[in-house]
């Protein structure tokens, strides 16, 4: 039985972010729809050919998405929210963009669909909306068209579909409450139709993704898999595909299904290959996810070979990435600035395809010399001075319980802060960043390329900070920010100023829609060689009598939004970052900055997928935040910001952070998230986001007032702040001014109404 290679998916955006540029040009009205579609076709063709040349036997088709693959599935099923529907019921690419970005077919504003994290990754999906009695039909044939494209190019392919049970699990009920699982019988005919169309095209295998099978699902949801797959059986071979965790706890459910193969993530799960082999039906194919699709590290192929070799020849076997390579940068070969030693430790998506080919060849032949050669740099890394810092390890070992305790409880601190800042009721602020204009980006780029000297760069940044302060004072905001003109990305900026990180030139990965991020890579112990944010915060504060917030990205978020080391625990990395940023808090305070925001938007998304593993993670995650913040004096107000969050199941931990003020993203969920804070009787101050910064829509004064009144029904008004959902980096100045002016006006109206 010859072993084959395949990937579960490939990055969509292009090596030079071609998809992002084409999307944004189309949205701005600068290019035609046909030009956008052409870019998509070219990217797909290139990526299929690149994977094939790298040694992939079965190419994924259907992993490409114009915005998000869950949203693509919604369109496939005809699941379009009423507010985004065309009058004639037709569906096109503009429908898809309206759902993701927030527009009605008329061009009028309409709330975008909710967006949240894809399991525990840094990718976001558009949450499907379900209503009672909803109808489904095949309305969007993108998958079939792309299958035809790939077949016309002569490729051997494996279409990819998001499975029906996971699709329902990922969605939310809108309107009258009901059990969304009851819709399963209604969506299955569409899946049957799609599989029939694939069978007509001669497709042998379909990858059907059911990552919900790695979760601790309610029994009713586990029970739903059997009837669902009974309905889908018989037209093509189905590779039931799971990832991000192991499947052993749900294996009894899985082995009862009428599928022909199972993909398991052997990186992030604890599944034992021998046990899987023993328990799976003898005629099933096992797809072994041996190469990590979520990181940038070169794999120890000798270890992978040993992990799987015992079952070679005993059952049909494929080797694969653990999950889609969507979460990895595309190509290491274009990284020209990484030094040779560090570069030898990495593998990006194309190199991971090459790793799979090496592994396949060794497993098929029994010859392992190439694996040993490939894995040699990994042995060298274990002893590199770039990795270990004795001073950091010593400081980490010396942490005590006192290091994570503020001097006094919140009630005492709040009195000191009220006396210091004398803020009005409904105080207004923003989350941190202001629009990153072409001028700002050009300034940073010129400095980075050496076309601008340090003095001129600093003069330019200072001018943008000054303008941000002037704008905020003109708008009448109460607590100001410096606008972060000097920062490219909230994690990358800190990583650049901390020892232990390295950066890539083209290591882009998709975050959502057209947004891409270039995560730093943690290669060693982390420390702060010098202050990072103090100079610009101090300068901004010198321009105004109003308080200016110091802005830090928190330790758990820096960890979660970086590619972490694999040789130490995530807890170790988080606490090393916390100690480095603790020194930054002390320096900001000494420089006269009275309000310091420590953003932790990633705290919840870092949760393990299984609830039984949550407590240990939350314990060290909260401790890391507190180590970071606890050096602050009582009169220094510590803020934190979180977004894309569901809080009700971690409220104890949110409260345990002991931040004086928490700002959260709530507008897309119509203040639903505040239910958690009300039920918990959250004791500190809260800023519920009053408008969605991911949408270009400008909220009206009335809209914001209505949201704030709704918030005040749940949280005492004296503890409420007024702010947008998130930073304003991706917006333009005209819409930012208009939205903030309406926000400030709404706050003033509520003060007068008291």
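Placed from the backbone N, Cα and C atoms, the Cβ positions cover glycine too.
Per Swiss-Prot, the feature 5-methyltetrahydropteroyltri-L-glutamate binding site maps to 17, 18, 19, 20, 117, 515, 516, 561, 605. In the structure as shown, the Cβ atom of residue 516 (5-methyltetrahydropteroyltri-L-glutamate binding site) sits within 10 Å of 19 other Cβ atoms.
The L-methionine binding site feature in Swiss-Prot is assigned to 431, 432, 433, 484, 599; the stated evidence is sequence analysis. For residue 599 (L-methionine binding site), the Cβ neighbour count at a 10 Å cut-off comes to 25, with all displayed protein chains included. DSSP assigns residue 599 (L-methionine binding site) to a strand.
Here Swiss-Prot flags 431, 432, 433, 484, 599 as L-homocysteine binding site.
Residues or ranges marked as Zn(2+) binding site by Swiss-Prot: 641, 643, 665, 726.
Sequence-distant contacts of residue 694 (active site, proton donor), defined as residues of its own chain at least six apart whose C-beta falls under 8 angstroms from its C-beta, comprise 101, 102, 112, 115, 725, 726, 730. As annotated by Swiss-Prot, active site, proton donor applies to 694, with the evidence given as sequence analysis.
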Minimum Cα separation from residue 19 (5-methyltetrahydropteroyltri-L-glutamate binding site), reported as the residue among binding-site residues 431, 433, 641 that achieves it: 433
Roughly how many angstrom lie between the C-alpha atoms of residue 599 (L-methionine binding site) and residue 17 (5-methyltetrahydropteroyltri-L-glutamate binding site)? 27
Other C-beta atoms within 10 angstroms of the C-beta of residue 665 (Zn(2+) binding site) total 25
Entries of 17, 117, 431, 484 which, being binding-site residues, have CA atoms within 10 angstroms of residue 641 (Zn(2+) binding site): 431
Residue 433 (L-methionine binding site) and residue 643 (Zn(2+) binding site), Cα-Cα, nearest whole angstrom: 14
How many other Cβ atoms are found within 10 Å of the Cβ atom of residue 643 (Zn(2+) binding site), counting all protein chains shown? 25
Whole-number answer please: how many Å between the C-alpha atoms of residue 516 (5-methyltetrahydropteroyltri-L-glutamate binding site) and residue 433 (L-methionine binding site)? 17
To the nearest Å, how far is the Cα of residue 433 (L-methionine binding site) from the Cα of residue 117 (5-methyltetrahydropteroyltri-L-glutamate binding site)? 21
